[in-house]
Amino acid sequence: MPSDVKIIHDISQIDLLAARGDASSVGDAAATTPDITVYQDTSGPIVERNGPTVDGKGRSHNHDGPPKNSEYQWDKRVQDVDDLTDKPGGGKFIHDTTKGAGTRVAVVDTGVYDAHPDLTGVVNDELSENFTTDQYDWRPNGAGDHGTHVAGIIAATNSNSGPDGGVLGTAPKTEIISHRVFSGVEEEGATTGDTVAALAAAADKGCDAANFSVGYINYNVEEHPELLDIKEIYHRLTKYVRAKGMVFVNSAGNDSIDMSKEKLLSLPTEVEGIFGVSATGPIGCGWDGKHSDNEEKWLTGNRLEEPTTEPAFYTNYGNAVDVSAAGGNADLEALDGGVKGAERDLVYSTIYETDESGNTVAGYGWKAGTSMAAPQVTGAVALVRSLRPDASVEEVETLIQATASDAPGGKTYHGAGHLNLKRLVKRAQM
C-alpha cells in the first residue's frame, strides 16, 4: 500500500479495505470506490421536541394522578408491551412472556448515553466500540442523542426513580452494544467504511440484530453510478452478517419517496437481505381538548384523528419495505402552532441534554422518523430470539412478517403489514 494511503478499517470478512488517501495511487480505479457519506434517518428538527429531565424539570404535561413518562409511550401501549399507565388494568402483556433475556443487539449510530437511569446496565462496555477516527470512546461526543433515543426504544428499563418514572423498551433484558459511527469532531455524517466495519463487527460479536437507523441521500443512479458499487458492498456485507445469524434492520428513510422507482436508489434499504422498516404514527394523541388530562382515553374509541398505524407523512414506501412500525407522526401546523400536546404524536424515549452549567443530564424527548420505527423491529427480533435462540435469520424475519397486521395504505406502505408483537410472541412460543 502506498505511504500516502492510510488503512482505516480492514474488513477482510468481505474482502474490503476502508482507506484514506489518493485513490489513483492505489492502482486500477476499478478496484476502488469513493466513500459516500451516510446520515441519521430522522425527519429533521421540525419533528423533534425535548421533554422533562430525569428529575422532572421541564415537565409540561397535565395528568390525573402521579405523572409518568411511560404514559407518553403510545408506541408501547398499543402493542401491550406492559401496563404503562397509572391505572393498572390487568390483562396479559408481552413482558409477561419475555423481555428479551439472553439476546444481544447492536446500535450502530451516534453512541449511547449509558449514564441515563433507564439505560444503566443495558450497554456492554467491553464490546462497545468507536468506529470513527476520533480519539473518544463509543459514547456520544457531540453528534447528538439519536443513538440514545434509539437505544431506549429497544431496551430502556423504566428504572428512573424520579417523580415521573422512566420509559420502557420493547426488550429491556436484551444487551446492547454501542458501535459509534458518527463523530462530533469530524465531518457531518458517517463514512461508508466506518458503518460497514461496525456492522460486520456486530455480527462477529454475536449480535442477534443490528439496528441501522441510517441511510444515504436518495440519488438518481444514472447520475451517480458509484452508488451501484456501494450497493454491491452492502450486498456482500448482508450475506456475511446473515450467515453469522444477525438480522440487519434498517430504517426506510424520510423523503416520502417511492422506492420502487427504477432510477432512484435508496440505500441500504433496497439491498436484498436487509430488513426495511417504514414508519407510522397517530395524529391527535392526547392533544389539548382531547382528554389531555386522562391518558387512559388517548388511544381509545375514535379520539385519534389518525390511527397509530397511519403511514407517517415523511416515510419512504415501496417494494423495499418489509414491515412498518411506530416511528411517530406529526401535524406540522399544530406542532409549530403551539397546540398543547401536539408533540405526543411523536415517539417518546431516552435522550440527554446540557444544563445551564454545561453539564450533561439525562432526559426524555420526542422524535419522529423511520429511525424510530426500525428499533421497534430490532426489539422484536430480541423477543423472538429469546424464545427461539436457534431460529435462523430467515425464520425470524418470516415470523415478523407472517404475524404483521393489515394497516391503512396496504402493502405499498407496510410491506407484509404492521408489526404486531402479541401475534409475534404467541407464534414464537409454538
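Even glycines carry a Cβ here, placed using N, Cα and C.
What TrEMBL lists as region 'Disordered' is 39-72.
Summarising the annotation, TrEMBL assigns compositional bias 'Basic and acidic residues' to 56-66.
The domain 'Peptidase S8/S53' feature in TrEMBL is assigned to 100-411. Note on the domain 'Peptidase S8/S53' (100-411): its mean pLDDT in the predicted model is 93.
Cβ-based neighbour count (10 Å, all protein chains) for Asp109 (active site, charge relay system) stands at 31. If you look up TrEMBL, you'll see Asp109 (among others) marked as active site, charge relay system.
Secondary structure from DSSP puts His146 (active site, charge relay system) in a helix. Positions annotated as active site, charge relay system by TrEMBL: His146 (among others).
Annotated active site, charge relay system per TrEMBL: Ser371 (among others), in sequence order.
Looking only at other Cβ atoms within 10 Å, the busiest spot among the active-site residues His146, Ser371 turns out to be Ser371. In this structure, the CA atom of Asp109 (active site, charge relay system) is 10 Å away from the CA atom of Ser371 (active site, charge relay system). Geometry remark: Ser371 (active site, charge relay system) versus His146 (active site, charge relay system), CA distance 8 Å.
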